[in-house]
Amino acid sequence: MTDRPLPLRILGIDTSCDDTGVGIVELTPDGRVTVLANRVWSQAVHAQYGGVMPELASREHVERIDQIMEGALHEAGLSVTDIGAVAATSGPGLVGALLVGLMYGKGLAQALNVPFHAAHHLEGHIFAAASEAELRAPFLALVVSGGHTHLFDVPRDGEYVLVGATRDDAAGEAFDKVARLAGLGYPGGPAISEAATRGDPNAVPFKEPLKGQSGFDFSFSGLKTAALLAHRAGATPENLAASFQRAAVQTLVNTTVRAAQSTGRRTVVVSGGVAANRALRDAFATTGLHVVFPGRGLNTDNGAMIALAGAAAIQAGRPASALDGGATAYAPLANA
Ligand code: KG4
Ligand code: ZN
């Protein structure tokens, strides 16, 4: 636990990509964490380029971060001097973008004379689920977002073993690409999910990727190619969406269930943007495993998940981070 006075309000910042996120959580003496605020500015400027422009992302973070922090404090009903610790993402992500939130967080911590915690973006995604249930190891964590498809075993608190990952596209990236080719718009995940409600999941017979493998990796490029061929052969966007979603959900759920059987884990955290997917949630609900998803608004990139990761670090007694640490584009979470 922590020797700091409780309740402790922790402010978290994420500027790893194209969302400026600031969230605030409260750690109470009984060890519970509550999300008090979660403000995200999603940068629309990139849409015209069809992808994130790193320099534009950094500039937008600089322009928006003050306003987003004010909004988060207002939402929580707090003033800045009520903040007792600050956490910010130091990696992985776009270095220029990361630096904005990281420097802002360090400056804030120094000005307030409170501890600063550098957070790992993926640990943030995982601890987003701490808004719903106390997360104590051992558990499995499936992080499925636009940039990541990682399956971790967490045998002890703070220890991450990578048991599987995508060999090509990330899960969210595949949703985005299939949505684009079907003309369903961006971001693709919500568009596919919505169109799928009007389509037939059996219309296009996708093959399960890496079927028969003994490991726990993922692959989405074959599904993407099959989707392109089905589109050219005249599949409707709705049927394509429903069939692709079913295949993507199947491979994510089946592989995770096999990993749970192999490791003996009973609890699975499913997080990242794709964890917002209704069909994925419904499929995991039938596995018999104890599956924990982040609360509303905490699946995609946000600051509250970083504050939650900061709270977990404080609860575990991890020391505050040095203020001279930098941002890292590539930062593996697994330490084994
Ligand atoms: O976690 P996130 O905001 O960004 C990264 O860290 O990458 O995830 C964004 C990704 C996008 O690819 C988006 O299409 C996907 O999450 N996504 C979804 C849904 N909502 C967002 N994918 C499937 N179903 C959804 N409902
Ligand atoms: Zn993310």
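Each residue, glycine too, has its Cβ placed from N, Cα and C.
TrEMBL has this to say about the protein:
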| type | residues | note |
| --- | --- | --- |
| BINDING | H121, H125, D301 | Fe cation binding site |
| BINDING | V143, V144, S145, G146, G147, D176, G189, N277 | substrate binding site |
| DOMAIN | 34-307 | domain 'Gcp-like' |
*For S145 (substrate binding site), what residues in its own chain, 6 or more apart in sequence, show a Cβ-Cβ distance under 8 Å?*
H125, A170, A171, G172, G272, G273, V274, T300, D301
*How big is the substrate site in terms of the longest C-alpha to C-alpha distance among V143, V144, S145, G146, G147, D176, G189, N277, in angstrom?*
17
*Among the binding-site residues S145, G146, G189, D301, which have a Cβ atom lying under 6 Å from any atom of ligand 2?*
S145, D301
_Contacting binding-site residues, sequence order - V144, S145, D301 vs ligand 1, Cβ under 6 Å_ = S145, D301
_Nonlocal residues around H121 (Fe cation binding site), in sequence order (Cβ under 8 Å, 6 or more apart)_ = D14, S16, T89, G91, P92, G93, D301, I306, A331
_Cβ atoms within 10 Å, counted per site: which of G146, G147, G189 has the most, among these binding-site residues?_
G189
